[in-house]
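The Zn(2+) binding site annotation in TrEMBL covers His185, His190, His208, His211, His212, His266, His270, His287, His290, His291. What TrEMBL records for 170-312 is domain 'Fatty acid hydroxylase'. Here TrEMBL flags 31-58 as region 'Disordered'. The transmembrane segment annotation in TrEMBL covers 119-141, 161-184, 221-243, 249-269.
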Amino acid sequence: TDVSAALEGPPHRHSANARRWLEQYYVGEMEPGDEQVPPSGRAEFRGTARGSGPSGGSRVRVEHSLHCLLPQDLVDWQKPLLWQVGYLGEKYDEWVHQPVDRPIRLFHSDILESLSKTAWYVVFIVWAPVVLYLSWVSYTSLAQGNTRLFSSFTTEYSIPIHKYCFPVIFLLGMFLWSLLEYLIHRFVFHMKPPASNYYLITLHFLLHGQHHKSPFDRSRLVFPPVPASLVIGFFYGVLQLMLPEVLGLTVFIGGLCGYIVYDMMHYYLHYGSPKKGTYLYGLKAYHVKHHFEHQKSGFGITTRFWDHPFRTLIPEETFKKED
């Protein structure tokens, strides 16, 4: 059937990337006047090349029916991409923001390649027990009554941290994670590497460019545990230097929980089907716009809160009323 009106909106005007995305599934063109839906209501394809299909079928001029390489593909998809993208130079930024629907291979080594992929549930299986165990350690340590704030500066006016403060400190850690999530996504994942720097282009593609090039590669939607443990360990060390041991641990636990929520939600925004009108439905639509049309804004994943003060909110679409 003719979907021109649906592509133009309302409620949503599809982007140039969305139209380019459809080119991957190009089969042929309907002969004029033959657009129809079968009586059963199911979409069927029964056309033949430049001919008439069986009775009730549509006449379709078939050009090809295989998942095709698009003209803008500047790399050899039969080989690992990580070592190719650095040579794209000035073409990289435009190329990486033209999404395709195909799996990506990064490394020649099967071992490295397996470490770069992760099923969504692995994140929860690995890190949720860590959060539960460290929460118990933190709470029991606070219950001993030995944790005090500002004790390194003054013993007379230091503030005792009661065990019932645990939920508040935990939520503070989650709140700080939401800010960190925004900052990393905007300033690290969406840095624009210099066109002349092969290594920075390669690094950008490894960190996030691969996700924008193939946003529905389900094995690359969450952070693999091995590299994640290095990053998580770094932030744990920073908090231990900045805050009293148990207090820093509690903030860290809240942040780690926030990370788990982030990765689970990110996967759901790509593959879930939230009910229209719900909070998750709005986030899914928002994130899809980020991938297909507004790659330089809309950096919030679990929340759009930080897009407001940093002025990177994706604008709402408006349509002029027809006479």
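Placement of Cβ uses the backbone N, Cα and C atoms for every residue, glycine included.
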Helix, strand and coil counts within the domain 'Fatty acid hydroxylase' (170-312) (DSSP): 101 helix, 0 strand, 42 coil
Selected stretch (most C-beta pairs under 8 A with the transmembrane segment (221-243)) from 119-141, 161-184, 249-269: 249-269
List of residues, in chain order, with Cβ under 8 A from that of His270 (Zn(2+) binding site) and at least 6 apart: Pro215, Phe216, Arg218, Leu221, His287
Which listed residue (His185, His208, His212, His290) has most other Cβ within 10 Å, given these are binding-site residues: His290
